[in-house]
Amino acid sequence: MEFQYEDNRIFLPDGTGGVLAEITFPAGADGVCVIDHTFVDGSLRGQGVAGKLMEAAVAALRQSGRQARTACSYAALWRDKHPEAADVLL
């Protein structure tokens with residue numbers, strides 16, 4: 001499983017132009033990103049893919065010196081369970 005990275009998006013392509021999983025975190029007006037969407041295809045659910053997307057997003061945000069708010073319900077639950085990401089997830 002190899003994620004593809006863009007400035008405000010991390011995704012897992014399906015090989016045919018579609019997406020099997022993704023997380024998006026566009027920058028808000030104040031410069032803080034907003035994790036507004038996570039998606040995992042039904043064929044991958046229950047395999048920890050959403051958590052891996054969150055870990056990848058936190059690492060990418062940390063590396064670029066950015067922070068993010070969580071508008072997505074999954075991202076908010078993940079944030080609450082991972083205090084080690086408090087420097088990135090507001």
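For all residues, glycine too, the Cβ spot is worked out from N, Cα and C.
Going by TrEMBL, these are the annotated features:
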DOMAIN    2-90  domain 'N-acetyltransferase'
Query - DSSP helix/strand/coil residue counts for the domain 'N-acetyltransferase' (2-90) - result: 30 helix, 26 strand, 33 coil
Query raised in the report: To what whole number does the mean pLDDT across the domain 'N-acetyltransferase' (2-90) round?
Result: 96
